[in-house]
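Enquirer: Take a look at what TrEMBL says about it:
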type	residues	note
DOMAIN	39-290	domain 'G-protein coupled receptors family 1 profile'
TRANSMEM	20-46	transmembrane segment
TRANSMEM	58-84	transmembrane segment
TRANSMEM	90-118	transmembrane segment
TRANSMEM	139-162	transmembrane segment
TRANSMEM	194-219	transmembrane segment
TRANSMEM	240-263	transmembrane segment
TRANSMEM	269-292	transmembrane segment
Amino acid sequence: NNSDLSPPSFILASIPGLEAAHVWMAILLCSVYLLAVTGNCAVLFIVKTEPSLHLPMYFFLCMLATIDLALSTSTVPRVLSFYWFNTREISFGACLVQLFLIHTLSAIESTVLLAMAVDRYVAICHPLRHAAILTNATTAKIGLVAMARGVVFFLPLPLLLLPLPFCGSRVLSHSFCLHQDVMNLACANTTPSVVYGLTAILLVMGLDAILICLSYVLILKAVLQLASWKERLKAFSTCVAHICVVLAFYVPLIGLSVVHRFGKDLAPLVHIIMGNVYILVPAVAHPIIYGVRTKVIQRRILNLIHLYNP
């Protein structure tokens, strides 16, 4: 029976009773997506064309912008086609590719955030050695390591799902594919997939979060040793943008994990909103945060606005 094998498709989640509002939901989602694309493309353009921003911190910011563009683009267009054209089905292969991209890109982003925390630690605690330690070549190597780390840890996720039979419901909890969501639909023993998925998340996102917290403990210790409060505030203010970016990434990630683990009885609307928040909030927030905190980026954005609106 073919229904006991890998299914030809899954059904993306919809909100019961709100089918008539799909067009308006699509308009809202498309507007947020375009804002994310515009903001991140602006960051990439400004950093590329502004020599004073050719520093490790802004190269890491460019990595974040690229990841956010890839992550949102791997999900939002498919969700928009669902809302606009009611194409709820997604093939098994496309679903596996999508969940691989989502989890891998999230892991890469987590690693880049850790690298940015290390950059802030070196800049504050060892300022004289900062330029020697974090060179452009080192920054590029960190980016390659982040990419390799994400692929190595999360490539097994779709491979573990590939042989599983799916003979029951094929309706997902979100309007895109996530590992745990797909795994819960399998009608077989999923213990290896559960154990590996949890291990990968703990060894990547969990470990990164611990190391980021540790770096800020060391930064705070060094800042408190400065002579005056004015110097302390000035030193710590260089970390504010990064702290906000970390929160914009980890808070939706933790929220989505909590909903998956303990929110099985929650309304479908909660799952769909949390999924979209996880995908879009970091992509929108990151360029806004660094745009507000970086005067050079502010000035270039204002110049671009003046150029196109004389």
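Any Cβ shown, glycine's included, is placed from N, Cα and C.
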Enquirer: I'm checking region-level scores; what's the whole-number mean pLDDT for the domain 'G-protein coupled receptors family 1 profile' (39-290)?
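Expert: Looking only at the domain 'G-protein coupled receptors family 1 profile' (39-290), pLDDT averages out to 90.
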Enquirer: If I count Cβ-Cβ pairs under 8 A between the transmembrane segment (20-46) and each of 58-84, 90-118, 194-219, 269-292, which range comes out on top?
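Expert: Out of the listed stretches, 58-84 contacts the transmembrane segment (20-46) most.
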Enquirer: Three or more CB pairs closer than 8 Å, sequence separation of 6 or more: does that hold for the transmembrane segment (58-84) against the transmembrane segment (194-219)?
Expert: no
Enquirer: Using a Cβ-Cβ cut-off of under 8 Å, list the residues of the same chain that are 6+ residues beyond the ends of the transmembrane segment (139-162) and lie near it.
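Expert: Same-chain residues near the transmembrane segment (139-162) but 6 or more away: 6, 56, 59-60, 63, 96-97, 99-100, 103-108, 111-112, 115, 179, 182-183, 186, 192-193, 196-197, 200, 203-204.
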Enquirer: Please indicate, using numbers and ranges, the residues of the same chain that are 6 or more beyond the transmembrane segment (194-219) and have a C-beta under 8 Å from a C-beta there.
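Expert: Contacts with the transmembrane segment (194-219): 103, 106-107, 110-111, 113-114, 117-118, 120-121, 124-125, 149-150, 153-154, 156-157, 160, 179-180, 183, 236, 239, 243, 246, 250, 253, 257.
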